Amino acid sequence: MATPGFPSTEQRLGLYPVVDSLLWIERLLAAGVTTLQLRIKNADDAQVEQDIVAAIELGKRYQARLFINDYWQLAVKHGAYGVHLGQEDLETADLAAIQQAGLRLGISTHDEHELAVAKTLRPSYIALGHIFPTQTKQMPSSPQGLASLSRQVKNTPDYPTVAIGGISIERVPHVLATGVGSVAVVSAITLASDWQRATAQLLHLIEGKELADEK
């Protein structure tokens, strides 16, 4: 029997920041970001749930697409827009419960095999990475590069695609040239000397939003 697909999302998700705190969720929503992911690490359970509840409420207030990384039970419990899972989470997560709750599902992939596995689950979007070397998290795989990204995007026409991994503002035009529908960033915003300016530049490059006149 065919696996039922997860609810759809926009084909082009645009700028997709991945951040680790409620503070960043608040900042980026106020700055006009409409797709983002909360990836909390190393926090106690009570704090995690409190932050996820608050983030979901903020996402709804701004009518944004907020994905919760890893904590799928809390995402289901509190009615999140969506969940993002890594390959290592797919065997332990209750995918049927996520699907039945009406949540969107994004899946990380790091090579052709993982991409094929993701497609069998019919998720809402597929993340392709890591494209460039990254210091944000330890990666067991090597960077895929732009040629591999371009090939995978062309071979994944039925799903929204997200490029992730080591993507700086300077690299964004080259990433977009592959045809990928969304660009995920972490340090390009969170480690920027002026995060508001960096966010505005990324929204301009990826979504065509106008830059405010700089005086």
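Cβ atoms here come from the backbone N, Cα and C positions, even for glycine.
As the structure is a computational prediction, the values presented were derived from the model and not from experiment.
Feature annotation from Swiss-Prot assigns 4-amino-2-methyl-5-(diphosphooxymethyl)pyrimidine binding site to Gln37, Leu38, Arg39, Ile40, Lys41, Asn69, Ser108, Lys137. Non-local contacts of Gln37 (4-amino-2-methyl-5-(diphosphooxymethyl)pyrimidine binding site) by the CB criterion (under 8 A, 6+ apart in sequence, same chain) comprise Tyr16, Pro17, Val18, Val19, Leu66, Phe67, Ile68, Asn69, His84, Gly106, Ala184.
Among the features that Swiss-Prot reports, Mg(2+) binding site is placed at Asp70, Asp89. Neighbour count (other Cβ atoms within 10 Å of the Cβ, all protein chains): 16 for Asp89 (Mg(2+) binding site).
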Site of maximum Cβ density within 10 Å, from binding-site residues Leu38, Ile40: Leu38
